[in-house]
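In what follows, a structure is listed as structure tokens, so that the remarks can point back to it.
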Amino acid sequence: MTIKLIVGLANPGAEYAATRHNAGAWFVDLLAERLRAPLREEAKFFGYTSRVTLGSEDVRLLVPTTFMNLSGKAVAAMASFFRINPDEILVAHDELDLPPGVAKFKLGGGHGGHNGLKDIISKLGNNPNFHRLRIGIGHPGDKNKVVGFVLGKPPVSEQKLIDEAIDEAARCTEMWFTDGLTKATNRLHAFKAQ
């Protein structure tokens, strides 16, 4: 099993760029930078894309330019065009159930109320069996405050922790292609930014 498409979820536009909900895009932006593969807008895939080599694999990067709840449109367009199966996709997204400074890989599962994941599952024919990179952003403590929280900007102290976790996640994603998922997962899951 190899990953052929790495997606970073986000809302488009400058007003959302620094919000917690865009943590997935921060990850893909960093990966593109590390691999010197700038993202370019590609209308037919409804997003910013790039092509990279990881290990010996040809991998596409994607940050949808749709709103979060329509992310599946971009993912399905790219998956269909390049004949990529759900289990060959890694979707990076913000995760309320993990604290800032932590990131974890996961295969399959529900959407946990995340509208981006919900739409991707739906557009992939109700198939949830894609890989996820869950980037911890913490939880406001009250479910009624979640929308304002994910669309808010983290304070500097939390941003630093999130950035460190994303940095480690980028290293571990590269490691996945050279040393395998088990090693990459063990390393990432042992990490906690201080």
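Any Cβ shown, glycine's included, is placed from N, Cα and C.
TRNA is bound by TYR16, PHE67, ASN69 in Swiss-Prot, and the record lists one more residue there from ASN85, ASN115, which is ASN115.
Comparing Cα positions, PHE67 (tRNA binding site) lies closest to ASN11 out of the recorded positions ASN11, HIS21, ASP94.
A Cβ within 8 Å of the Cβ centre of TYR16, PHE67, ASN69, ASN115, the residues given for tRNA, is found for these other residues of the same chain: ASN11, HIS21, THR66, MET68, LEU70, SER71, GLY116.
Listed in sequence order, ALA10, ASN22, LEU151 are the same-chain residues six or more apart from TYR16 (tRNA binding site) with CB atoms under 8 A from its CB.
On its own chain, HIS21 (active site, proton acceptor) has LEU9, ALA10, ASN11, MET68, ASP94, VAL150, LEU151 as residues at least 6 apart in sequence with a Cβ closer than 8 Å to its own Cβ. Within 10 Å of the C-beta of PHE67 (tRNA binding site) we count 16 further C-beta atoms, all protein chains included.
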